[in-house]
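Student: Structure below; questions to follow.
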Amino acid sequence: MSRVLTALQPTGVLHIGNYFGAIEPFLKLQDQGNENFLFAVDYHAITVPQDPETLRKNLLFATAVYLAAGVDPSKTTLFQQSHVQEHTELAWILNCIAGMGELERMTQYKDKAKGKGESVSVGLFAYPVLMAADILLYDTHIVPVGEDQKQHVELARDLAERFNNRFGFTFVIPKPQIRESGARIMGLDDPEKKMSKSAPSEKNYISLMDDEATVLKKIKSAVTDSEGTIVYREHRKGMANLMTIYSLMSGSSMSEIEKIFEGKGYGDFKVALAAEITAFLSPLQTKIKSYLEDEDALRQVLASGAEKAREIAAKKMTEVRKKIGVA
Ligand code: ATP
Ligand code: LTN
């Protein structure tokens, strides 16, 4: 049995990139009888300023989304990162073996720090080390994530190896698991960059909570090209992205999609794509809303998840403290 672990930031909306990049692959592994951990990384979220009331709401919203999507608390330890103090404790220790150079090379940091100059937070810089702690604390084997997180999981592997070499075997070396298609859904308004919840325009992403009219409007304004055909070619970035989304939503292969839309234009394709997205989102939204009606029940799920997580994390930290000589 493998240990599977992933986490998402409880910030803003969750979009279809998050769903297909991380949540759906996690659900597949959950239902294959692995030992599973899923949590909302609130201490990662505060690496950029957050409004406290909004963060509190987003934590419950994220929990409702996971449950609605099919996360089963009897199979998955579902919790909130800050409820398990060992994450930040291990992060500090790993900060002391991580190099400035390797963190400076992280592309997410470079992207997010751009234009911020000296005001960029130390937390944003050390973000990947906290993520390594999240993973290593639980002897994780598999980390299902979107393509953009691969470099961070590789850093976790490097830090685990470095720690093991210095102090004797302590941490399992984790592997990222990245799906072949759908690991990097691109922005609707800019198919050169990944779909992102922190994009400047809402037209960049389809939120899991978008209604039918919003989905149609966003898809209609999505960037395509001047070729006019529904044919999958990697260099046709906008169309390749929309066809990938169609395929993920409907389960149809690219050649099936090409056949369905032979002789048709972008207008027909976009209307059909919007309908596929709404057919996927609307039952999910009904479930999310119903979980959100009972906030105490959501808090209860998180509390019992944290209790289970703490047991494992506390044992690992007892070992780590001994290994480094503070206990
Ligand atoms: P931001 O873009 O604002 O940094 P985010 O959308 O990447 O945020 P996270 O909570 O950081 O959100 O990511 C959660 C998970 O979703 C990660 O596993 C990440 O790789 C995955 N993911 C994010 N964006 C995409 C995308 N466009 N396509 C596929 N997977 C994605
Ligand atoms: N950095 C990740 C979120 C994250 C994560 C993790 C993912 C924090 N800790 C541990 C997998 C495993 C992101 O998606 N931005």
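Positions of Cβ are set from backbone N, Cα and C atoms, glycine also.
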Student: Say TrEMBL lists Q9, P10, T11, G17, N18, G146, E147, D148, K194, M195, S196, K197, S198 as binding ATP: which of I135, I185 is in the same site, per that record?
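Tutor: According to TrEMBL, the candidate sharing the ATP site with Q9, P10, T11, G17, N18, G146, E147, D148, K194, M195, S196, K197, S198 is I185.
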Student: Can you list which of these binding-site residues (N18, D134, I185) have a Cβ closer than 6 Å to ligand 2?
Tutor: D134
Student: Under DSSP, is D134 (L-tryptophan binding site) helix, strand or coil?
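Tutor: Where D134 (L-tryptophan binding site) sits, the three-state DSSP reduction gives helix.
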Student: State the residues, same chain only, that lie 6 or more residues beyond the ends of the motif ''HIGH' region' (10-18) and have a CB under 8 A from a CB inside it; answer 'none' if no residue qualifies.
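Tutor: Cβ under 8 Å, 6 or more out: 40-42, 45, 50, 55, 58-59, 61-62, 65, 80, 146, 184-185, 194-198, 205-209, 245, 248, 277.
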Student: Could you pull out which residues elsewhere in the chain have a CB under 8 Å from any CB of the motif ''KMSKS' region' (194-198), counting only those six or more residues past its ends?
Tutor: 11-18, 146-148, 184-188, 204-206
Student: Relative to the Cβ position of I185 (ATP binding site), how many further Cβ atoms are located within 10 Å?
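Tutor: Taking every protein chain into account, the count is 27.
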Student: Mind computing the max CA-CA distance among Q9, P10, T11, G17, N18, G146, E147, D148, I185, K194, M195, S196, K197, S198, which the record assigns to ATP binding, rounded to whole Å?
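Tutor: So the maximum pairwise Cα distance among the ATP binders is 19 Å.
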